[in-house]
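Trainee: Pasting the relevant annotations from Swiss-Prot:
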- 800-818: compositional bias 'Basic and acidic residues' (COMPBIAS)
- 35-133: domain 'Cadherin 1' (DOMAIN)
- 457-562: domain 'Cadherin 5' (DOMAIN)
- 577-672: domain 'Cadherin 6' (DOMAIN)
- N169: N-linked glycosylation site (CARBOHYD)
- N209: N-linked glycosylation site (CARBOHYD)
- N257: N-linked glycosylation site (CARBOHYD)
- N419: N-linked glycosylation site (CARBOHYD)
- N568: N-linked glycosylation site (CARBOHYD)
- 789-818: region 'Disordered' (REGION)
- 29-691: topological domain 'Extracellular' (TOPO_DOM)
- 713-818: topological domain 'Cytoplasmic' (TOPO_DOM)
- 692-712: transmembrane segment (TRANSMEM)
Amino acid sequence: MAGTRRKSLQNRQVGSLLIFLCISVGDATTIRYSVAEEMESGSFVANVAKDLGLEVGKLAARGARLVSEGNKMHFRLHRKTGDLFVKEKLDRESLCGKADPCVLHFEVVLVEPLQSFRAEVRVFDINDNAPVFLNKEPLLKIPESTPLGSRFPLQSAQDLDVGLNGLQNYTLSANGYFHLHTRFCSHGPKYAELVLNKPLDREEQPEVNLTITAVDGGSPPKSGTAHIHVVVLDVNDHVPQFSRLVYRAQVSENSPNGSLVATVTAVDLDEGTNKAITYSLAQNPEAILKTFQIDPQNGEVRLRGPLDFEAIETYDIDIQATDGGGLSAHSKVLVEVVDVNDNPPEVMVSSVSSPLPEDSPPQTVVALFTIRDRDIRVGGKVTCFLREDLPFVIKPTFGNSYSLVTDRSLDREEVSGYNITIVAMDTGPPSLSAETMIEVLISDVNDNPPIFREDSYILTVRENNSPAVFIGKVHAEDLDLGENAQITYSLLPPKNGDLSVFAYISINSGNGKLYALRTMDYEAIQDFQFVVKATDGGFLSLSSQVTVRVVVLDDNDNRPMILYPLQNGTLPCNDLVPRSAEAGYLVTKVVAVDGDSGQNSWLSYHLLKATDLGLFSVQRQNGEIHTLRQISERDPMMQKLIILVQDHGQPALSTTVSLNILLVDGFSEPYLQFQDPTKHSRKVNPSTKYLVISLVILSFLFLLSVIVIFIIHVYQKIKYREKFTIQEHFYDDCNFSNNLVQGQGNGSLSRPCPYEMCSATGTGNSEFRFLKRFMPNFPFPHATGEIKMEAGSSLPPNSDRNKSQRLEGHDQVSDDYM
């Protein structure tokens, strides 16, 4: 029955408190609510979305959640409606004990973007606990001689409620000896004292039974009772006397059990057993009895349990001294707990944004956290910092809440993630600290273009290759990740006028391998270049370019080509050599070129066959033909030579040329001597010109018919000469005898020899005539003859035989190149 009334009373109290449920917004970041304790699970508290000024749907869209500062969350949030409900029945006494007000703190955290709001709920007390006496039947022994007005402190009742619902008053049952006096304690609950109104008489009434009632201030009030049994003792004239009415002591909260707190002393003037004093902690709450103990013989008060300044700062201990006759006296020991820095700060992370894009701007919020230090006075000031130098900083938001934000730009390619250690340190002494590690991963953004390994590539392909042959590979790397690092290769179209690369080269877009689409010809294209583009697969793709040069390697696929002597198959190619020529005489020179390059174009000359192998030799490097010995009368007049011209390719290719050499008589011996044209003046002697003109005029008058044939023959040879870029200049008004042909030196002689050879066309006889000066010197209008060699000639590079020479005494006209 009593339980039913109690439950009904609680429900009425809950209802009355719900009427006064208050919601307040203290500032822009803190919302406050009030609820009554003992509300059932699921009870409505408030609408958070409305109080925060947010649309209801945004709570769910932004992933709203509650984060408690303690170990347990007592509320739950309905994301769709924004309603805040009680998660489980709230018991203010278990949550906050005797603390008043009782406030529960939590945070409402929103993401995308990251945002938090501080909230607190004050739990109001209801009168759900009645006062309780720990000792239901206390025993008091009072001598009959106790004077009137003597006070006997009683054990205080315990009421878990606070405020008006807590213990308010004591009442005593009606009796003829005592009345009740309520005392107030500054650091504890109210307690009562029995005050003797009437002298006791053991013989009249040896025992007195009393009932004490403790009443709280609830509506309706609750109460608790205890039955006091008073035993009247025989006369004991003196009561113990304490040296002090109040003892004061200070004890550090980290003092170990057994530490001495204080020593109380009392004396009794009686004799015998009435003088013996026993000390006890008789009338004290349970919290004191669990924390302190007293030696009954010497009065030493020592620690029995741990102290916690953050829980209880002071203790008011009632000490009772009882003599052997049953008389007792009371004194107080006020114990002040000294705060020490024994609680390290606590770092409580409420939200972390991970992974974090690497292009996040500075001041981007990464995490939200709160720091709490249970020490109030000592070490209560806390600082926090990052252990390492990282691109993050800590910024205070409000109160003891902080945010971790980016301080500078991030780069995933350098650091893909961070283990951020937050250090919280109080001021001590001694200074205590705590660490919390937050892992933040960095997500990739396409901010790096592909990079080729080389600044440019040079690839080689041998001519006459097979189509689709692999010629090389380009490779680029991208420092990004995933699709941002996937590279596609392509060929860029050529610029105007450049070679169309698409006709020659193809590229594998996936791996950058290059292939030749057609057969290369070194003689047509020696090299070409194009541009390869590498593009990554990012949303906003990045690219880079590299130039690739393809060098075509030469194959030995061209035989040497003979430029001189001409092999036309109609006219014999004859060179004249005087029989008086000495050993080493330069007969002629074979000139050849090769369409290949490098070693494949290096030519060497060999005497393959000859009428007399011991008469002539061919220089291997330049093709000059010299006599090995002096010509004798026994040597046949016609000497036939077959010269082999061979390149240095692998395998080597070769060409042969046939050459006829006529051994003739009649050359003047003095003029067979070799003369260096560089010793002569570059300026042609006028007397020589006059002499030549005179001879030409005489020859023209006598041999007109021969001149016509000669002109036709010269015209044909000029055509051949222009074909091989060998320039010749003839005298327009030169006249020769009708049976003479004028020539310059021998064969491919690069030096003009100052002699004239006249050969009779009709017979095998030949005659050498020295032209003496017979006319005065005067200028001649025609230039001397020139021989120009191709760059591919095998003549020695230091030879000056390919230079134009001016002869002193006559002009050079070569019949061997005609």
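Counting starts with 1 at the first residue shown.
Cβ from N, Cα, C; glycine included.
From a predicted model like this one, the values you see are computed outputs, not experimental measurements.
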Trainee: Across all protein chains in the structure, which of the glycosylation sites N169, N209, N257, N419 has the highest Cβ count within 10 Å?
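Mentor: Compared across N169, N209, N257, N419, the most Cβ atoms within 10 Å surround N169.
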Trainee: Nearest to N257 (N-linked glycosylation site) in three-dimensional space, by Cα, is which of the glycosylation sites N169, N209, N419?
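Mentor: Sorting the glycosylation sites by distance from N257 (N-linked glycosylation site), the top entry is N169.
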Trainee: For the domain 'Cadherin 6' (577-672), what does DSSP give as the number of helix, strand and coil residues?
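Mentor: Grouping H, G, I as helix and E, B as strand yields 8 helix, 45 strand, 43 coil.
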Trainee: Counting by DSSP secondary structure, give me helix, strand and coil numbers for the domain 'Cadherin 5' (457-562).
Mentor: 7 helix, 48 strand, 51 coil
Trainee: Round to the nearest Å and give the CA-to-CA distance linking N209 (N-linked glycosylation site) with N169 (N-linked glycosylation site).
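Mentor: Distance between the two Cα atoms comes out at 20 Å.
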Trainee: Averaged over the topological domain 'Extracellular' (29-691), what pLDDT does the predicted model reach?
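Mentor: Mean per-residue confidence for the topological domain 'Extracellular' (29-691): 87 out of 100.
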Trainee: Please report the DSSP secondary structure of N169 (N-linked glycosylation site), reduced to three states.
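Mentor: Reduced to three states, the DSSP call for N169 (N-linked glycosylation site) is strand.
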Trainee: For N419 (N-linked glycosylation site) and N169 (N-linked glycosylation site), determine the Cα separation and express it in whole Å.
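Mentor: It is 60 Å, counting Cα to Cα.
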Trainee: Go ahead and report the DSSP secondary structure tallies for the domain 'Cadherin 1' (35-133): helix first, then strand, then coil.
Mentor: 16 helix, 37 strand, 46 coil
